[in-house]
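What Swiss-Prot says about this protein:
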BINDING   His50, His98, Asp183, His187  Mn(2+) binding site
MOD_RES   Tyr58  3'-nitrotyrosine
MOD_RES   Lys68  N6-acetyllysine
MOD_RES   Lys68  N6-succinyllysine
MOD_RES   Lys75  N6-succinyllysine
MOD_RES   Lys75  N6-acetyllysine
MOD_RES   Lys114  N6-acetyllysine
MOD_RES   Lys122  N6-acetyllysine
MOD_RES   Lys122  N6-succinyllysine
MOD_RES   Lys130  N6-succinyllysine
MOD_RES   Lys130  N6-acetyllysine
MOD_RES   Lys202  N6-acetyllysine
TRANSIT   1-24  transit peptide
Amino acid sequence: MLSRGVCGTSRQLAPALGYLGSRQKHSLPDLPYDYGALEPHINAQIMQLHHSKHHAAYVNNLNVTEEKYQEALAKGDVTAQIALQPALKFNGGGHINHSIFWTNLSPNGGGEPKGELLEAIKRDFGSFDKFKEKLTAASVGVQGSGWGWLGFNKERGHLQIAACPNQDPLQGTTGLIPLLGIDVWEHAYYLQYKNVRPDYLKAIWNVINWENVTERYMACKK
């Protein structure tokens, strides 16, 4: 099972992807709200398919791939280990990303963050509105499928915006610790917003769980 810790998320798969001798299988996390709770901004059909089909597929495929990887390790088959890396990255990243995404959303979300997170956003982006514009632009600008992210650069102590293709996990790709992720795969919005990704990006700000994002930020500052 993927840990629900809020800091260093991508490192939580390290035991499973490295030493597999006593690994536990990953499982699909429960949503902290009903499928229809984010309406009208994200409808119930999208949420049901996104969680119970798409995320579940990443979990199942990750478990299968890890079993194959364990067999390759036991056999000392380096070629097979290398060949399995893309599937580990894709399905492991999909599991990490979606496990963060669900907690980043809330039917009681929207508005602005408070306290230290808001001050950090103002410091690093000028204002909350400028931050929204930059993260929206980065997310809309993803070519094909991927994610827009607000991450924390622990070395610099600053917030940064980044975009990752496909299911590449933010921390494993950039070193940034994920705080807020926006899924811009078509399965996240197409049934409701068709091919108009900007409309989906406009709507999702109404359900951002700033309490969760703040918890992640405060944990990573320690």
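Every residue, even glycine, has its Cβ placed from backbone N, Cα and C.
For Lys114 (N6-acetyllysine), the same-chain residues that are 6 or more apart in sequence and have a Cβ closer than 8 Å to its Cβ are Trp210, Thr214. For His50 (Mn(2+) binding site), the spatially nearest entry among the modified residues Tyr58, Lys68, Lys75, Lys122 is Tyr58, judged by CA separation. A separation of roughly 17 Å, to the nearest angstrom, links the Cα atoms of Lys202 (N6-acetyllysine) and His187 (Mn(2+) binding site). Annotation: His50 carries the greatest number of neighbouring Cβ atoms among the recorded positions His50, Lys75, Lys130, His187 [cut-off 10 Å, Cβ to Cβ]. Long-range C-beta contacts of Lys122 (N6-acetyllysine), restricted to its own chain and to partners at least six residues apart, with a cutoff below 8 Å, comprise Phe128. DSSP assigns Lys75 (N6-succinyllysine) to a helical segment in the three-state reduction.
The most densely surrounded of the recorded positions Lys68, His98, Lys202, judged by C-beta neighbours within 10 angstroms, is His98.
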